[in-house]
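See below for the structure under consideration.
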Amino acid sequence: MSETDMRLVVVGAAGRMGQTLIRIVHETPGVRLHAAIERSGSPFLGRDAGELAGVGQMGVAVSDKPLEAFVEAEGVLDFTAPSATVEFADLAAQARIVHVVGTTGCSADDEARIRAAARHARVIKSGNMSLGVNLLGVLTEKAARALPAQGWDIEILEMHHRHKVDAPSGTALLLGEAAARGRGIKLADHSVRVRDGHTGARVEGAIGFATLRGGSVIGEHSVVIAGEGEMVTLSHSATDRSIFARGAVSAAIWGRSQKPGFYSMLDVLGLD
């Protein structure tokens, strides 16, 4: 541990992603766990964060005081829920630190509050923090641009574990936005998220979504571009949720040297 290590806070520390983030921070050179935050009343308050995450004692007790933690830290890693994330965004702005947001399912109002916080914080937000998925987004945009809507239909399929609460996934929407950029259209005006009963023929230029939930699947995503007599499929499989945590820590380190603003993983990876 060095005095120059970036001091990071993990919020939602007792959750699956929270524990994974703690483990990755513990093993990554150049960063250290400054604080671990849980909601008030959590049975995990006071527990050592390292023991909770299975890496042994780290000397950091789980707390329910985020602002106290933020003002002494340099960054926060946030894979919580939209209602919590907008509150953490406000606190990160007050503390003027890096806020890495992997939370999905945010509403338009939530997004507006997070973007407003970026006037003072360095916000890095993505529906997926992995290198592979962000590269998939770039490839999807290029394919959508090369293959015209007249004759080529885009469908995005995703599957996650039974506990995921939002649909389509943030990654599916990230891929949908990439496809829409490639086509020069707005996703909101062309997405089809529900098909049931007599739907009629497919509308040219639509971007369809199909969602599956079950088991312990970490994340499966495919972009299908179907033409007459041929089909292009671009896909990504996540087999270990640590890929998201590693991406988040890399994003925090990158954000440390940036000016306040709103960034994505494409900025972090130099793919934008």
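Every residue, even glycine, has its Cβ placed from backbone N, Cα and C.
Residues or ranges marked as NAD(+) binding site by Swiss-Prot on the basis of sequence analysis: G12, A13, A14, G15, R16, M17, E38, G102, T103, T104, S126, G127, N128, M129. Swiss-Prot lists R39 with the feature NADP(+) binding site. The active site, proton donor/acceptor annotation in Swiss-Prot covers H160 and is backed by sequence analysis. The annotation (S)-2,3,4,5-tetrahydrodipicolinate binding site is assigned in Swiss-Prot to H161, G170, T171. As annotated by Swiss-Prot, active site, proton donor applies to K164, with the evidence given as sequence analysis.
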Nearest to E38 (NAD(+) binding site) by Cα, among H161, K164, T171 (recorded positions)? K164
How long is the line from the C-alpha of K164 (active site, proton donor) to the C-alpha of G170 ((S)-2,3,4,5-tetrahydrodipicolinate binding site), rounded to the nearest angstrom? 11
If you measure between the CA atoms of G12 (NAD(+) binding site) and T171 ((S)-2,3,4,5-tetrahydrodipicolinate binding site) and round to the nearest Å, you get 20
Indicate the candidate from G12, G170 with the smallest number of other Cβ atoms within 10 Å of its Cβ, considering only these binding-site residues. G170
Close in space but at least six residues away in sequence, with Cβ under 8 Å from that of T103 (NAD(+) binding site), the same-chain residues are D78, F79, T80, A81, P82, A84, T85, G170
How many Å separate the Cα atoms of R16 (NAD(+) binding site) and H161 ((S)-2,3,4,5-tetrahydrodipicolinate binding site)? 12
